[in-house]
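Beneath this line is the structure, given in structure tokens, with notes to follow.
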Amino acid sequence: MRHSIEMEKLTLGVCYYPEHWDRALWKDDLQRMKQYGIEVIRLAEFSWALMEPEEGKYDFSFWDEFLALAAEENMKVVFCTPTATPPAWLSEKYPETLNADGDGNLMYHGMRGQHNLTSPKYLEFCEKITRHMAEHFNKYDCIIGWQLDNEVNCEANEYYSKSDHEAFRAFLKERFGTLDNLNEKMGTIFWSQTYTDWDQIHLARRSTAGTGLANPHMQLEQVRFISHSAVHYLALQASIVRETAGDRFITTNGIFENLDYQKLMESGVDFIMYDSYPNFAYAMDRPDGGEGDLKDRNFSFNLARTRAISPLFGIMEQQAGPGGWNFRIHQASPKPGQLRLWTMQSVAHGADFVSFFRWRTCSFGTEIYWHGLNDYSNRPNRRLEELSLVKADFEAIKDIAGHPYEAAVGILCDYDNEWDGQKDVWHGPLRNFSTDGWFRSLQKKHIPFDFVDFREETNLKDLEKYELLVYPHATILTKERAEILTQYVANGGKLVMGCRTGYKDIYGRCPMQPMPGEAAELCGVTVEDFTFLAPGEPMEYVNWNGKRIPAPVFNDVLEPAFGGKAEGFFEGNYYDGKPALVTKNTGKGLAIYFGGCFAEETADAFLEALSIQTPAPWLVLPEGCELAKRGDQYFVLNYKAQSCEITLKKKVTDRLTGNEIEGTYEVAPYGVLVLL
Amino acid sequence: MRHSIEMEKLTLGVCYYPEHWDRALWKDDLQRMKQYGIEVIRLAEFSWALMEPEEGKYDFSFWDEFLALAAEENMKVVFCTPTATPPAWLSEKYPETLNADGDGNLMYHGMRGQHNLTSPKYLEFCEKITRHMAEHFNKYDCIIGWQLDNEVNCEANEYYSKSDHEAFRAFLKERFGTLDNLNEKMGTIFWSQTYTDWDQIHLARRSTAGTGLANPHMQLEQVRFISHSAVHYLALQASIVRETAGDRFITTNGIFENLDYQKLMESGVDFIMYDSYPNFAYAMDRPDGGEGDLKDRNFSFNLARTRAISPLFGIMEQQAGPGGWNFRIHQASPKPGQLRLWTMQSVAHGADFVSFFRWRTCSFGTEIYWHGLNDYSNRPNRRLEELSLVKADFEAIKDIAGHPYEAAVGILCDYDNEWDGQKDVWHGPLRNFSTDGWFRSLQKKHIPFDFVDFREETNLKDLEKYELLVYPHATILTKERAEILTQYVANGGKLVMGCRTGYKDIYGRCPMQPMPGEAAELCGVTVEDFTFLAPGEPMEYVNWNGKRIPAPVFNDVLEPAFGGKAEGFFEGNYYDGKPALVTKNTGKGLAIYFGGCFAEETADAFLEALSIQTPAPWLVLPEGCELAKRGDQYFVLNYKAQSCEITLKKKVTDRLTGNEIEGTYEVAPYGVLVLL
Amino acid sequence: MRHSIEMEKLTLGVCYYPEHWDRALWKDDLQRMKQYGIEVIRLAEFSWALMEPEEGKYDFSFWDEFLALAAEENMKVVFCTPTATPPAWLSEKYPETLNADGDGNLMYHGMRGQHNLTSPKYLEFCEKITRHMAEHFNKYDCIIGWQLDNEVNCEANEYYSKSDHEAFRAFLKERFGTLDNLNEKMGTIFWSQTYTDWDQIHLARRSTAGTGLANPHMQLEQVRFISHSAVHYLALQASIVRETAGDRFITTNGIFENLDYQKLMESGVDFIMYDSYPNFAYAMDRPDGGEGDLKDRNFSFNLARTRAISPLFGIMEQQAGPGGWNFRIHQASPKPGQLRLWTMQSVAHGADFVSFFRWRTCSFGTEIYWHGLNDYSNRPNRRLEELSLVKADFEAIKDIAGHPYEAAVGILCDYDNEWDGQKDVWHGPLRNFSTDGWFRSLQKKHIPFDFVDFREETNLKDLEKYELLVYPHATILTKERAEILTQYVANGGKLVMGCRTGYKDIYGRCPMQPMPGEAAELCGVTVEDFTFLAPGEPMEYVNWNGKRIPAPVFNDVLEPAFGGKAEGFFEGNYYDGKPALVTKNTGKGLAIYFGGCFAEETADAFLEALSIQTPAPWLVLPEGCELAKRGDQYFVLNYKAQSCEITLKKKVTDRLTGNEIEGTYEVAPYGVLVLL
């Protein structure tokens with residue numbers, strides 16, 4: 001298992017749809033791609049109807065013809081299984097393959113992704129076409145890898161078809177063994193929900209609370225089940241392709257909800273590709289967030305999340321122009337410089353391969369406004385001009401491939417809490433709030449960070465490389481994970497935890513123990529009282545060694561215990577003066593429990609108090625610039641429409657221009673530097 | 001029929017769920033309850049699956065075991081029928097027992113209350129378990145009363161399952177006899193809606209206007225039908241329990257929509273319990289209303305509404321901590337003092353029994369955040385501390401039990417207008433607006449009031465005890481009710497009516513007669529013209545003897561008739577100068593018709609003009625305090641987070657402390673006094 | 001084909017429902033109508049249940065009785081087919097006649113218009129009752145014309161019943177012949193949507209994007225299909241009525257979405273009646289738009305749209321009082337003068353017949369608040385008083401009948417773009433924005449305009465009468481239409497086109513050609529770049545010969561070509577200084593391409609630059625007044641609650657009063673003048 005892409009050098013690609021265009025255009029398209037430095041094309045992910053025009057009749061002649069030309073033009077190919085868009089005949093003849101809403105209303109043919117992930121019939125069709133394709137196409141040398149399906153869980157991430165209910169039962173039977181065990185773990189004694197037969201169990205259909213809402217523990221299992229189904233669905237394809245793939249990579253593109261990508265990689269997918277569309281920040285239905293909004297820079301958050309799965313990855317779809325569907329999504333055009341900026345944003349965060357979506361804007365269908373590098377007219381335009389600059393950039397820093405992003409701060413995240421928090425308004429929204437606060441603070445202070453997937457398999461080594469770990473609201477915290485964190489601290493690590501920690505078990509139940517459960521001894525603290533801050537109430541603050549920091553949204557009122565020491569105290573509400581921040585030294589390290597959520601200003605205070613520094617102290621950047629580090633090279637990305645002044649306290653080289661620079665230096669609007 | 005609770009003294013209770021906890025905890029729980037003064041526990045309302053684990057197999061051993069312990073510990077019990085939460089096997093095997101939405105989509109197992117109220121099969125199951133339970137448990141001396149079902153019409157108050165459509169037809173057949181009669185009363189000649197067969201009749205399924213919308217007269221019958229179904233559903237259980245209940249009381253908890261609680265009490269339920277959760281005022285999804293919002297004090301409105309049904313009542317569920325479900329509702333924690341304040345608010349309004357919800361926060365299920373007196377951890381907390389204060393309060397004023405709330409002002413309300421106004425935007429919203437205006441004014445002026453259910457059965461005696469009756473918008477006003485009001489006025493009463501009075505009959509039709517129909521002679525007035533005040537238009541005022549008072553939302557332009565006298569005149573709109581307020585003296589009393597809605601300031605002016613005084617002229621209170629009176633004792637409740645100063649012009653005793661107080665006195669934040 | 005109403009003089013009518021009232025009222029009603037100048041009544045459009053009380057049993061005795069009285073009273077009648085409200089027995093017995101939502105949920109009996117337009121069974125019922133009625137009632141001399149159905153496509157304008165899916169398939173088969181052709185035109189190769197059997201085709205049921213959303217080209221065909229169905233539905237009735245109608249006119253009332261009224265008139269309907277309810281501007285759920293909102297005057301927009309269909313038309317339903325349903329719509333009452341103002345607004349725009357809705361407010365049913373001329377009480381009121389004034393007005397200017405509205409400015413509109421833009425957020429909203437901008441500007445500058453339906457059948461002659469044509473965003477622009485526009489310009493016309501022109505074909509596909517497609521040569525321009533203006537960005541401006549005009553919403557960055565000349569340049573965004581406005585002289589005329597949308601201020605600048613003048617330069621009007629011209633007579637309509645001063649530079653006669661007026665003159669609040 002590699003789990004990271006392996007490119008020899010930074011590489012450019014593009015998504016291409018020969019089936020959308022007259023054959024007469026193909027050769028010119030491929031040759032122009034090469035002029036712009038494009039070496040790889042992605043093909044065929046939506047072409048099932050073309051390859052299996054009627055049930056059981058496979059016809060690969062179209063792709064044979066095209067691949068022959070691609071080979072001739074020395075174009076490398078990522079080939080796709082087309083299972084994201086079943087043909088009309090399939091959906092019409094086998095309605096059991098269709099996804100459904102919570103009332104059982106089927107999702108019919110007409111858009112894409114109308115299928116479910118569990119229908120034996122659909123899996124059979126997927127298996128067959130994948131097998132036929134693998135056997136047929138793996139003979140093509142130009143194919144360097146496979147993408148399975150497309151954006152699984154994008155169009156829908158809940159499934160309520162008949163086969164889903166059945167598969168859910170099987171999943172629970174496997175997981176709990178007996179109904180007695182299930183009833184106990186799911187707390188069904190509450191509201192008389194006890195199951196006495198497996199057939200009484202369903203996914204969360206319509207209840208008196210609407211559709212998709214049920215017993216909270218069942219709800220958590222439902223998300224686990226969806227992820228399980230998606231992993232199984234892709235693993236099936238992976239195993240078939242693998243048989244004949246040789247050393248070709250197998251990937252899929254994401255990242256979407258309700259899918260454990262770590263499990264997916266353990267099940268046969270080599271690494272993950274990300275689809276990066278930062279221009280959503282400039283969509284017409286997005287109100288202007290003003291200075292406080294990081295806009296397109298927020299996609300660095302997503303890229304960090306991707307990196308937690310595959311440290312080095314590819315961008316399968318990199319925004320090439322304004323995005324849009326005909327009936328929703330309408331984005332302003334990327335401004336001159338943004339296409340290049342966003343490409344380099346991807347590279348800065350660990351992408352070794354960047355494939356634009358798409359070569360030319362489609363003339364028909366739902367995505368007539370999802371603009372490619374070329375316009376409908378195929379005439380030169382400023383996006384192609386900008387692509388030339390990207391080509392030069394890639395050439396200049398091509399050797400960065402293989403060098404991972406480097407960070408000394410890790411934000412712990414895990415699927416248990418993420419999934420439980422989807423519906424649980426008592427901790428899920430807190431997590432989003434606080435993660436955003438840390439992200440903003442770290443961004444503006446130019447401190448690179450990683451997201452760290454905290455899993456059963458995570459070991460001390462995975463954590464030790466970080467100077468600081470932040471685990472904002474670990475509501476579900478197992479004994480095992482608490483122990484690893486204790487070791488991390490004992491070995492010298494710094495750990496920060498927030499309110500609402502440790503009060504749930506892995507089924508989302510709240511055991512009879514004092515809060516914060518398994519974190520109590522680790523952080524030296526007990527929670528004595530707690531409250532949301534009601535709307536209209538003044539902000540709550542914590543006085544931490546004389547500094548006043550915000551403690552928004554929710555407060556745990558603390559009491560030191562197990563050797564903890566109260567260092568911060570509430571100011572404002574009825575618990576005025578009570579402990580709000582408790583620290584505990586264990587071994588060489590330090591754990592802090594903070595009885596609130598983390599606003600940006602709160603995170604600022606922690607970074608300062610814990611002396612967490614930027615890795616480039618010789619570089620003075622304004623807030624509008626992002627700093628990233630791969631190997632020994634520093635990326636500076638200016639997200640602003642205005643140029644900005646930076647200060648370099650030593651002489652360095654900008655590898656993109658080859659210039660040696662020092663002292664004050666002006667970075668262009670949307671400008672990028674790679675410093676060594 | 002008692003219609004009021006009968007407690008010997010103020011009594012504390014708690015809702016307890018032994019089925020949620022290890023047997024090892026039971027004894028300690030019961031003993032600690034008693035330490036806190038708790039004498040009664042409510043049991044079993046969600047335990048059907050426990051008592052009938054499979055169809056027809058009844059097993060009461062769990063409750064036998066627990067009741068034996070309760071008896072041993074001298075704990076009294078309110079026992080419940082468990083029909084609010086049918087077991088999974090029942091809902092699965094008999095889908096005809098499930099409620100449905102307007103499209104017929106069933107509400108499945110997974111939350112609670114998924115059943116309908118009319119399925120013969122469900123009624124059969126309810127009858128059987130109620131009979132088995134009554135026969136089995138009525139032998140327990142510790143059981144002092146029964147609660148039927150739980151919060152009927154809470155999870156849903158509309159029903160569209162097949163049996164509901166059938167029962168609706170039967171209801172209409174009983175009510176109208178012939179289709180000709182029904183067609184005439186329902187005005188079906190309009191839009192060609194004439195029914196020619198009973199089977200053509202349905203509840204308001206999906207129409208071109210959406211679901212739940214239909215012919216307005218049918219819609220009103222639909223609400224009457226829902227209430228009828230709910231009364232029938234509970235009456236069935238009441239009659240069975242009654243057979244063996246001896247002098248045990250039979251109650252149910254509420255209060256919810258689409259249910260005529262007066263009819264319910266005529267059908268076998270002794271009195272009503274209210275579930276009081278004032279902390280909804282501090283939920284996270286409730287924007288801060290600022291000074292203008294009475295917040296938790298608004299629950300005094302609901303308590304007054306409850307008192308109209310049962311002058312002395314119990315609180316079956318009194319808020320014990322922050323409320324919450326996992327997926328919605330997230331409340332800030334009650335502040336220190338509020339738990340006690342809200343308990344005394346209940347008592348002040350007529351509660352002789354207060355049972356907290358619940359003893360300990362549940363560790364699993366949808367209500368893991370509906371916090372009980374005890375935390376998950378079972379450790380001491382400030383809610384339990386506050387409970388000790390409540391215990392002392394109850395002890396100090398225990399003799400207040402049996403003394404009803406006293407008021408000289410009555411606000412008339414009735415189900416006809418309430419139900420017709422649910423959909424009718426031309427009068428329903430006016431009623432809510434004006435009732436709120438009167439409530440605010442009366443609250444801030446410290447004038448206690450009652451809601452008075454104005455029914456066919458209401459007689460002069462029910463009204464005579466009030467100095468002032470307000471009937472804000474009696475759109476449906478029968479000749480019989482108009483006559484009683486005329487007698488009330490003739491005998492010296494003061495009556496205030498607002499715009500939109502008297503233009504509908506009991507089917508919601510608008511007969512061919514001048515407005516305000518039956519109120520014309522009573523109030524001495526005819527309506528010449530009328531209009532909503534369009535958005536953006538300036539406020540309309542009425543000049544009443546030189547005072548300018550608001551006449552918001554809707555205006556009736558008046559003409560005196562039948563001896564009425566114009567005393568107020570419009571200022572502002574095109575009907576400037578026309579009569580807006582007409583008075584008529586009849587016998588010893590006075591009727592006033594006001595051609596507008598009642599804002600708080602409008603109600604203020606009426607109270608002043610009619611010389612309606614607080615019953616405690618010796619007591620000067622700030623607006624932030626509520627005044628209530630039971631027997632000869634005066635409750636002062638401070639809803640503010642700040643202490644306040646009151647002035648007592650004579651020496652009185654605060655029964656809670658035993659202190660004699662006089663002159664200026666400081667009431668603590670959330671503080672309560674009971675003065676004698 | 002007349003396509004316009006033909007009245008001998010301005011004529012008053014009223015909608016009357018004898019079936020709603022006691023026979024005892026009929027005679028008095030008819031006689032009072034005549035006192036108020038009413039000569040025509042509309043009857044029977046909702047009386048199917050009365051005429052066919054059970055399947056196949058026709059009973060016209062009710063109407064025979066009433067029509068005998070009408071004849072006796074010399075009242076003329078517009079008689080209606082009652083197919084808008086199928087009886088309960090029909091909907092119950094034949095559910096296949098019901099419309100359905102996108103999930104197939106049927107729309108049941110209970111409101112109105114629950115039927116679909118394609119069910120063979122429903123069409124059979126419609127055919128039969130229409131035939132029986134035509135044969136029976138066409139013998140009545142008092143009947144002067146027929147209204148078919150009522151407000152087709154009002155209650156619903158999407159249809160998803162089984163028969164609709166089937167009829168859609170037949171429609172597409174007829175239109176495309178082969179699946180290959182359909183697949184190509186609909187771009188189904190995108191997302192693997194290729195159809196291999198006609199039965200795979202459906203209207204846009206639920207997909208992963210929700211219901212009603214599908215392939216955009218299919219979506220456009222779906223609207224075309226709905227219009228086709230509605231036309232077919234009405235044409236069927238028209239052909240039957242025509243057989244025995246003699247010289248009686250056949251009309252229907254509108255106007256509603258998804259219906260090509262031009263095609264309807266080609267299919268057997270003589271002309272269109274409009275239902276005019278300007279008081280929607282004063283509904284309670286409509287926020288106050290302040291000065292910027294034209295409110296009731298916006299209905300002049302709709303009247304102009306109606307005139308594009310039938311230059312002279314009737315108002316079948318003219319607002320007579322506040323409108324309202326019981327559960328939605330609640331309007332303030334029309335103020336004194338507005339009833340007359342709105343009647344004259346209709347006349348000014350080309351109505352020769354005005355029929356009020358309705359004689360008396362209904363006492364029951366959904367429309368108890370849709371107030372007629374008479375109140376429930378039947379007593380005199382101010383609406384009847386105002387009707388007397390209208391009667392006098394009609395008498396004074398009765399000879400205006402037959403004289404059409406005159407305008408020198410035309411705004412081109414067409415169903416292709418309107419329908420494609422319903423879902424396409426990249427051009428539809430722009431069209432609404434810009435049409436509104438032109439409307440506001442023309443209104444306030446007192447320049448009458450016409451909407452011009454630009455169709456395949458449109459010829460040069462239809463356009464030549466306009467000095468200026470504005471075609472705001474002709475996204476779909478065929479070669480043929482571009483050619484007619486070129487001729488129009490060559491012959492001396494002025495043409496203004498906005499951004500987003502010419503990039504789609506008639507299937508909504510975007511051909512591989514430079515923008516603005518067929519308009520490129522006509523306007524002398526190529527589009528080099530384009531963008532939405534993102535939320536929060538500053539307004540974009542165009543410097544046009546030194547004047548700064550707004551270019552909101554979307555910008556096309558231009559390049560002159562084919563002899564065009566850049567005259568305006570962008571100011572603000574990254575394309576600062578690039579061409580924004582290009583002009584091209586062809587023959588005697590001028591075409592302008594503007595790279596933005598048209599705000600009111602933008603349109604102002606064009607009118608000034610192109611020297612478009614009011615037709616009454618001798619008349620100085622404030623912005624609050626509308627100017628209209630029929631023949632040689634000028635209507636002045638004051639929409640304000642305040643009187644206003646106008647200046648007449650020559651002596652003219654106000655035909656309504658007979659006064660000669662000159663110089664400054666005060667127009668009353670809501671006042672009307674007709675000047676000659």
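A Cβ is built for glycine as well, from the same backbone N, Cα and C atoms used for every other residue.
Curation does not apply to TrEMBL; its annotations are automatic.
Fair warning: this is a prediction, and the values are worked out from it, not measured in the lab.
Taken from TrEMBL as is:
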type     : residues           : note
DOMAIN   : A:15-395           : domain 'Glycoside hydrolase family 42 N-terminal'
BINDING  : A:Arg112, A:Asn150 : substrate binding site
ACT_SITE : A:Glu151           : active site, proton donor
ACT_SITE : A:Glu317           : active site, nucleophile
DOMAIN   : A:407-611          : domain 'Beta-galactosidase trimerisation'
DOMAIN   : A:628-675          : domain 'Beta-galactosidase C-terminal'
### Query
Using Cα coordinates, what distance in whole Å links the residue listed as 'active site, nucleophile' and A:Arg112 (substrate binding site)?
18
### Query
Using DSSP, how many residues of the domain 'Beta-galactosidase C-terminal' (A:628-675) fall into helix, strand and coil, respectively?
0 helix, 32 strand, 16 coil
#### Entry: Cα-Cα distance linking A:Arg112 (substrate binding site) and the residue listed as 'active site, proton donor', given in Å to the nearest integer
11
### Summary
Averaged over the domain 'Glycoside hydrolase family 42 N-terminal' (A:15-395), the pLDDT of the predicted model comes to 97
### Query
Residues with Cβ closer than 8 Å to the Cβ of A:Arg112 (substrate binding site), same chain and 6+ apart in sequence?
A:Phe46, A:Ala84, A:Thr85, A:Glu155
### Query
Including all protein chains shown, what's the count of other C-beta atoms within 10 A of the C-beta of A:Glu151 (active site, proton donor)?
19
### Summary
A:Arg112 (substrate binding site), DSSP three-state class -> coil
## Note on the structure
Listed recorded positions A:Arg112, A:Asn150, A:Glu151, A:Glu317 screened against chain C; CB under 8 A survivors are A:Arg112
### Query
Using DSSP, would you call the residue listed as 'active site, nucleophile' helix, strand or coil?
strand
### Message
So if I draw a 10 Å sphere around the Cβ of A:Glu317 (active site, nucleophile), how many other Cβ atoms end up inside it?
### Response
24
## Note on the structure
A:Glu151 (active site, proton donor) -> DSSP, reduced to three states, gives coil
### Task
Please list residues from the chain of A:Asn150 (substrate binding site) whose Cβ is under 8 angstroms from its Cβ, counting only those at least six apart in sequence.
A:Glu45, A:Phe46, A:Cys80, A:Ala84, A:Thr85, A:Thr252, A:Asn253
